[in-house]
Amino acid sequence: MESEEDVCAFCRIRDTDTDTEILLSDEQLLCFRDVKPGATHHYLIVPRMHIDNCKALQGTDVPLVEQMVSMGWRILEKNKVGDLDDVRMGFHIPPFCSVPHLHLHALAPASKMSFKSQLHYGPQSHWFITVDKVLSQLKTRGKVK
Ligand SMILES: [Zn+2]
Ligand SMILES: [Zn+2]
């Protein structure tokens, strides 16, 4: 029988069972391009460990999320994103996750995203939660609302 991890697209990328180019990696995280970019720069930062989505996070995951954010800044800087104030980082809220393996979206320049991308990755979107909100909810409540 196949386990959930066998069929998970991001677990397969982790296991280098795909052509996806890994842009950055360390013991805990991987970074690669989003296959359907919503902005000029659009990267995904994914924990190696299979976590379903942001609702599965707990207060103890704050350091992990912070590491995901720091890898997000690293890939944006590495790819010469000029304006680091014009960046959007966040998670999709289930059931609006395209892949059921936790992934942080890092997009830039945020102000030049199309209307459609704003719907998917906008701070006012019902489908998307910014990483700042996730971190503050984890710190105060120990979970994502
Ligand atoms: Zn997975
Ligand atoms: Zn997503």
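For all residues, glycine too, the Cβ spot is worked out from N, Cα and C.
The active site, tele-AMP-histidine intermediate annotation in TrEMBL covers H103. DSSP assigns H103 (active site, tele-AMP-histidine intermediate) to coil in the three-state reduction, placing it in neither a helix nor a strand. Within 10 Å of the Cβ of H103 (active site, tele-AMP-histidine intermediate) there are 25 other Cβ atoms, across all protein chains.
Over the domain 'HIT' (9-121) the predicted model carries a mean pLDDT of 95. Annotated domain 'HIT' per TrEMBL: 9-121, in sequence order.
The motif 'Histidine triad motif' annotation in TrEMBL covers 101-105.
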